[in-house]
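What TrEMBL says about this protein:
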TRANSMEM  A:12-40  transmembrane segment
TRANSMEM  A:61-87  transmembrane segment
TRANSMEM  A:99-118  transmembrane segment
TRANSMEM  A:146-166  transmembrane segment
TRANSMEM  A:198-218  transmembrane segment
TRANSMEM  A:230-257  transmembrane segment
TRANSMEM  A:263-283  transmembrane segment
Amino acid sequence: MFELIGVAPQALFGQLLLGLINGAFYAMLSLGLAVIFGLLNIINFTHGAQYMMGAFGSWLLLNYLGTPFWGALLIAPLIVAAVGMAIERVLLSRLYHLDHLYGLLLTYGVALVIEGLFRRFYGASGMPYANPIPGGANLGFMFLPYYRAFVVVASLAVCILVWLAIERSKLGSYLRAAIEKPDLVQAFGINVPRMITLTYGFGVGLAALAGVLAAPIYQVSPIMGSHLINVVFAVVVIGGLGSVAGSVVTGFGLGVVEGLTKVFYPEASSTVVFLVMAVVLTIRPGGLFGATR
Amino acid sequence: MSEQTALAISALHGYYGESHVLHGMELEVRAGEVVTLLGRNGAGKTTTLRAVMGLLRSRSGSVRVWGKETIGLRPDLVARLGVAFCPEDRGIFASLSVEENMLLPPVIAPGGMAVAEVYELFPRLLERRSSQGTKLSGGEQQMLAVARILRTGARILLLDEPTEGLAPVIVQQIGDLIRTLKDRGYTILLVEQNFHFASTVSDRHYVVEHGAVVEAFKNAELARNADRLTALLGV
């Protein structure tokens, strides 16, 4: 069969796995963006920088405090979320009554400042982070590194848990209600401004968690976020802004599409996502899963 | 108890952006009373309720809830003093099921009805509890909008045109409901266009025009004022 399509199984499945891994990061990042956009009405351009801060957080924790990967997996997202909540309180909260564009400009500026600071202290070249689960299994048709399998499973689990929390829990019903009619929810006695701060912290924490997971796979560098974020925004647009399930499915799906393109037509692999975006926007301007707003 | 003032509004001014909509509202609701705000469209009745809740941010003057000044408070803090709001559009959440809508408002004080008790009052909502909130009929949505605030322990209810757009038989049910709530000691400030309906449930009425109270009278005096009222409301 593989002879028929002229591709070695190792290459095909290798790229498929790489696609799933990229998809895992796309999914976690676009999930956070979707939740933030839903409640704050802000397109968070700082998201890539916050992903980078997660990766850097784990690197700094390891090199200065000796915190192992598994500790950083918990601590780094909490720290980055706390920084995010401070940014929301001090800066973003002043923009909610204005047009989307202002939030976009501000968060983009904040991203540049954060990346600039990290570049000033750590340079633009990447730093390696040791693989916490070395080794892998030979499946016959491909070699499966354990850590990469872990990343795919862990991020899928996180996405499903977040979806369940939003769609099935009491706290999630507050979130859905506040996305629809924030004024009325506040008039029922719920502190909506605090909920907004926590939601932003949560979305940012998810980005940082993706960053920690990414550290052992990619180089830890100040610009790692800005590389990824362009694709992630395309994913969000394709999935439909504000749709939680849509962002997860689209994230994994596009990762795989990208991986397969690398096998069959490598020249197009970095543009295929944007091609899909153009086609989807022509046919369904609200995105695959989104309602227009 | 019945002499205690639940809600006292004085010299209340309110603004939507540049336009000045409330021009010194003055009114008072005593504990256990049902009081109506009557008036034409755009007279400022809904705005008065929104100003009481703090949903209208640009406001000045005084709004006291159980004697406590609330003019500077956020809506959630006003709610926690025991005020619940049922908006004109009913405010049913499309992304929530009927039951989630019912359980959404948090309990803010002891003494609210138990969920089972609310469902006993509104058996139809129990039947449809897993439907999407906005799939209910208009009358059912209105019932849900009132039902969900009875759980919270709030004793002051602000009801904005609960009968609007509903069939006469449903309007009658809403009337029965308001009388039931009054018997249970709730304090109700009701916005209405329909003074025939208002006369079947209320103790007192205020007539609002251009963002201020122009007339106040007891329900018993309604017949005597009918001509004047007809002129004021343009009905």
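For all residues, glycine too, the Cβ spot is worked out from N, Cα and C.
Where the annotation comes from TrEMBL, it is an automatic prediction and has not been curated.
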For the transmembrane segment (A:61-87), distant same-chain residues with Cβ under 8 A (at least six beyond the ends): 46, 50, 53-54, 110, 129, 132, 197-198, 200-209, 211-213, 216
Stretch contact, the transmembrane segment (A:198-218) with the transmembrane segment (A:12-40), Cβ-Cβ under 8 Å, 3+ pairs: yes
Other parts of the chain folded back onto the transmembrane segment (A:146-166), taken as Cβ under 8 Å at six or more residues beyond its ends: 17, 20-21, 24-25, 27-28, 31, 35, 131-137, 172, 175-176, 206, 209-210, 213, 216-217, 244-245, 248, 251-252
Within-chain partners of the transmembrane segment (A:263-283) [C-beta distance under 8 Å, separation at least 6 from its ends]: 7, 11-12, 15, 231, 234-235, 237-238, 254, 257
Distal contacts, the transmembrane segment (A:230-257) - CB-CB under 8 A, six or more residues away: 16, 19-31, 33-35, 37-38, 43, 47-48, 156, 159, 162-163, 166-167, 179, 272-274, 276-277, 280-281, 286-291, 293
